[in-house]
Amino acid sequence: MASLKCSTVVCVICLEKPKYRCPACRVPYCSVVCFRKHKEQCNPETRPVEKKIRSALPTKTVKPVENKDDDDSIADFLNSDEEEDRVSLQNLKNLGESATLRSLLLNPHLRQLMVNLDQGEDKAKLMRAYMQEPLFVEFADCCLGIVEPSQNEES
């Protein structure tokens with residue numbers, strides 16, 4: 001499953017374009033005000049693997065190494081011939097402009113679920129678990145309603 005960190009990264013508090021990342025958990029935020037709000041609920045333990053890696057790195061400046069497997073699998077997915085699995089640019093814009101979707105994303109619990117899903121190692125397992133949560137199902141249904149409106153109306 002592709003990472004959610006593509007070109008649509010938004011501030012975890014106000015959903016605006018972020019300028020910074022939390023030093024503890026690496027979630028994006030756009031201002032001091034948003035950082036202060038985030039800091040109240042920040043859980044630095046959401047990134048324990050990164051902490052271990054950083055503590056094992058030498059103290060001199062080293063360019064971070066990208067996860068080659070993730071890059072390859074994303075590239076394979078993007079280059080696949082399965083056009084029906086791709087979301088058009090127009091539908092991506094529609095997702096970004098949806099007031100309903102934006103209001104759902106204001107929920108801190110849903111946002112934490114999304115961060116956990118994005119950062120989790122077993123995304124398929126997390127997705128199965130999250131699809132048991134009514135809030136996440138509402139979010140998924142909203143996204144599908146925007147991306148595939150005709151299929152949603154038939155069911």
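Here, residue 1 is simply the first one shown, and the rest follow in order.
The backbone N, Cα and C atoms fix where each Cβ goes, glycine too.
The phosphoserine entry in Swiss-Prot, when matched to the candidates Ser80, Ser88, Ser98, corresponds to Ser80. Compared over the binding-site residues Cys25, Cys34, the count of CB atoms lying within 10 A of a residue's CB peaks at Cys34. If you take the C-beta of Cys11 (Zn(2+) 1 binding site) and look for same-chain residues 6 or more apart in sequence within under 8 angstroms, you find Lys17, Pro18, Pro28, Tyr29, Cys30, Ser31, Cys34.
Taking the Cα atom of each, Cys25 (Zn(2+) 2 binding site) and Cys14 (Zn(2+) 1 binding site) are about 17 angstrom apart. Sequence-distant neighbours of His38 (Zn(2+) 2 binding site): residues of the same chain at least 6 apart with a C-beta under 8 Å from its C-beta are Val12, Ile13, Cys22, Val27, Tyr29. Across the structure, Cys42 (Zn(2+) 2 binding site) and Cys14 (Zn(2+) 1 binding site) place their CA atoms 15 angstrom apart.
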